[in-house]
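Visitor: What TrEMBL records for this protein is below:
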SIGNAL    1-30  signal peptide
DOMAIN    54-133  domain 'Inhibitor I9'
DOMAIN    176-397  domain 'Peptidase S8/S53'
ACT_SITE  D179  active site, charge relay system
ACT_SITE  H212  active site, charge relay system
ACT_SITE  S364  active site, charge relay system
Amino acid sequence: MKRPGPIRLVLGAGAAVLAVLGTTLGVAGAADSDPAPSAEIRGADRGEVIEGEYIVVLKDPGSAARSARPAARAESRAAVVRAEAKELLGPYDASAAHTYSAALEGFSVKLSEEDAAELAADPSVAYVEPNRVERGDDTPSATAAPVWGLDRIDQRDLPLDGAYEADGDASDVTAYVIDSGIRISHDEFEGRASYGYNFVDGNTQASDCHGHGTHVAGTVGGKTYGVAKKVKLVGVKVLNCENSGATDGILAGYDWVAKNAKAPAVANVSIGGSPTDAKDEAVRKLVESGVTVTVSAGNKSTEACEQSPAREPSVITVASTTKDDERSDFSNYGDCVDLFAPGSGVQSAGHSSDTANATMNGTSMAAPHVTGVTALYVSANPEATPAEVTEALLAAVSKDKVKQPGSGSPNRLLYNRF
């Protein structure tokens, strides 16, 4: 069972001193000399931190601090967040880089560490985290038989029979690929792929200069390489040409999909990094908005519970197998994994031309196999909730096929029939 991360908020010494002086000397006398209250910055020692950049998560709109503003109540939620960010950042002469109002309520900003800690103590702030570098979960390429992954997921046992069959094609479903963008003109997509938004460059051209996102999209819904061969694909670009991106941009991608998804919808997140509350909360709210989200388990050959959003219970977390049904040597494992899918030596669409293909390894390649199957399911069951989709997916798996799945891992291999 997935374990949500700890949530802590500890008042700094300055706040404690102020409280004591307020009772003995009076608040006015203490305010003139004491430092401003501060609170810890969560997870400051985890991952590849971007110095001087922070993610600020606000408390629930129903909290006293926010509901006390009658004018704000009449505005849209996005306007409320923008207004609150402006008010909170005014004393620091700073402005928000991204604001979030659907998958999360908050914003990202450049501040000194001291100012960020002070902001964390504000009554309207739930917590503050550092911004970080996140990366797609792929590894150096290998060679393998074309589309062996499709061949594997439509049959219970080896050997492979050289064919792929599916019930339906998910033509009425939209799959959101939160990644490095998509080469939408690629022949594999037959005009079914489109741009969502580019949070790397701040525009609507979510093109792919790395190849990770195009490869993932091809596995979800390419005409040759895809699980769901007629699904509509939308690229939401949060990773750059080096296949990395900042946490605040990835959160903005979740937020955009939560606001703009056209039901029935599924999403693929083949991205991972250090565990953080903001990433977990944002992807959880994306699921709560009605989008079934599949994520990669990670490629560090360690516990998937040590990675976000893989540890978040509401998403479908996917580990990787080889053509021989072995757990891929790079694949994360453990009780935060929901199931396994093909991820070693997976061939799919390449980004270098409209006919290019590429072979990649990674839990990034395993996850879109599952996303394609979720698209097939919601096409047949358009009113199904994400929890119901997950339940059906896990009930259909091929059991006890994965060799050495890793400590705590469920021995479940993806199957595309329900």
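Yeah, the Cβs are placed from backbone N, Cα and C, and that goes for glycine too.
Looking at the shown structure, can you explain where the listed features end up?
Guide: In the three-state DSSP classification, D179 (active site, charge relay system) falls within a strand.
Summarising the environment of H212 (active site, charge relay system), the number of other Cβ atoms within 10 Å of its Cβ, over all protein chains shown, is 26.
Reduced to three states, the DSSP call for S364 (active site, charge relay system) is helix. The Cβ neighbour count for S364 (active site, charge relay system), using a 10 Å radius over every protein chain in view, is 34.
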Visitor: List the residues of the same chain that sit at least 6 positions away from D179 (active site, charge relay system) in sequence and have their Cβ under 8 Å from its Cβ, in sequence order, or write 'none'.
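Guide: Those within reach of D179 (active site, charge relay system), by Cβ under 8 Å and sequence separation of 6 or more, are G136, D208, H212, G213, V216, A217, G235, V236, K237, V238, L239, N268, V269, S270, I271.
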